[in-house]
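Shown next, in structure tokens, is the structure this report addresses.
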Amino acid sequence: MTKLSVNVNKIATLRNARGGNVPNLLKVSSDLEDFGAQGITIHPRPDERHIRYQDARDLKKVVKTEFNIEGNPISKFIDLVLEVKPEQVTLVPDSVNAITSNAGWNTVKFKDFLSEVIKTFKQAGIRTSIFVDPDTEMIKGAKAVGTDRIELYTESYAVNYALNKEKAITPFIKAANIANELGLGINAGHDLSLENIEYFAKNIPNLLEVSIGHALISEALYLGLDNVVNMYLHKLK
Ligand SMILES: CC(=O)[C@@H](O)[C@H](O)COP(=O)(O)O
Ligand SMILES: NCC(=O)COP(=O)(O)O
């Protein structure tokens, strides 16, 4: 069975919009686990525009399932992860100004750098995953740098799903088969949603975990608004 790790970046985005503590990131994360989430993912960015570094420290005390911290391994990120010691760290090659993650690692070009960082995290007992496009050379490169898992970057699947889902998933099945042959664990994420997740999970062999945030939180808003509007109307009667 594939585990669902909920990415709570958007909860922090909403909280930061007003400067207070609503919604409460720690309570939401803990409630998500009570509702069945099998992991909590955060992606602190250098500008701390949503998740703050302190959130990572606070969440470590609250998360009872699997804590996954994603990010570009700049030195302050490495220090944070080594301090917090989540169950899993996912390395993502973000550029500072990118609105969201928009590429997988070039595991061949960054072989030495990734090998060193992965060794550091593994020595600290933290499982490693690296964000990659569904590309044969990049997956072989991921094996060469010693990572435990890869996270398949699923934006192209999500974008193309509505046009032609068989075509959209083909490179991901091929990538998963190669990863399985090499003994790499497989995670996946980015723009997965209620619309496209079932087909992905059914077709990717040995998909261990998906991390989902943007769509899941948006869907929760849509699916909850009817209920909440009626609760307000009731109070205004
Ligand atoms: C690694 C990845 O795929 C991202 O989707 C990510 O973790 C989300 O980050 P933002 O919430 O900053 O867009
Ligand atoms: N690793 C991907 C992730 O955590 C969530 O991405 P998204 O669902 O916010 O696109």
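The backbone N, Cα and C atoms fix where each Cβ goes, and this holds for glycine too.
What TrEMBL lists as 3-amino-2-oxopropyl phosphate binding site is Asn7, Arg18, Asp191, Gly213, His214. Under the three-state DSSP scheme, Asn7 (3-amino-2-oxopropyl phosphate binding site) falls in the strand class. On its own chain, Asn7 (3-amino-2-oxopropyl phosphate binding site) has Thr41, Ile42, His43, Gly189, Ser211, Ile212, Gly213, His214, Leu216 as residues at least 6 apart in sequence with a Cβ closer than 8 Å to its own Cβ.
If you look up TrEMBL, you'll see His43 (among others) marked as active site, proton acceptor. All protein chains included, His43 (active site, proton acceptor) registers 23 other Cβ atoms within 10 Å of its own Cβ. Reduced to three states, the DSSP call for His43 (active site, proton acceptor) is coil.
The annotation 1-deoxy-D-xylulose 5-phosphate binding site is assigned in TrEMBL to Arg45, His50, Thr100. In sequence order, Asn9, Lys10, Ala12, Thr13, Asn16, His43 constitute the residues six or more apart from His50 (1-deoxy-D-xylulose 5-phosphate binding site) in its chain with CB-CB distances below 8 Å. Secondary structure at His50 (1-deoxy-D-xylulose 5-phosphate binding site), as computed by DSSP, is coil.
Taken from TrEMBL, the feature active site, proton acceptor applies to Glu70 (among others). Within the same chain, the residues at least 6 positions away from Glu70 (active site, proton acceptor) whose Cβ sits under 8 Å from its Cβ are Thr41, Ile42, His43, Val89, Thr90, Leu91, Val92, Phe131, Ser211, listed in sequence order.
What TrEMBL records for Glu151 is site 'Transition state stabilizer'. DSSP assigns Glu151 (site 'Transition state stabilizer') to a strand. Long-range C-beta contacts of Glu151 (site 'Transition state stabilizer'), restricted to its own chain and to partners at least six residues apart, with a cutoff below 8 Å, comprise Thr90, Ser129, Ile130, Phe131, Val132, Asn187, Ala188, Gly189, Ser211.
For His190 (active site, proton donor), other Cβ atoms within 10 Å of its Cβ number 25. Per TrEMBL, active site, proton donor is recorded for His190.
Checked against ligand 1, the recorded positions His43, Glu70, Thr100, His190, Asp191 give His43, Glu70, Thr100, His190 as the ones with a Cβ under 6 Å from it, listed in sequence order.
Of all the binding-site residues given, namely Arg18, Arg45, His214, the one with the smallest number of surrounding CB atoms inside 10 A is Arg18. With a cut-off of under 6 Å between the Cβ and any atom of ligand 2, the binding-site residues Arg45, His50, Thr100 reduce to an empty set.
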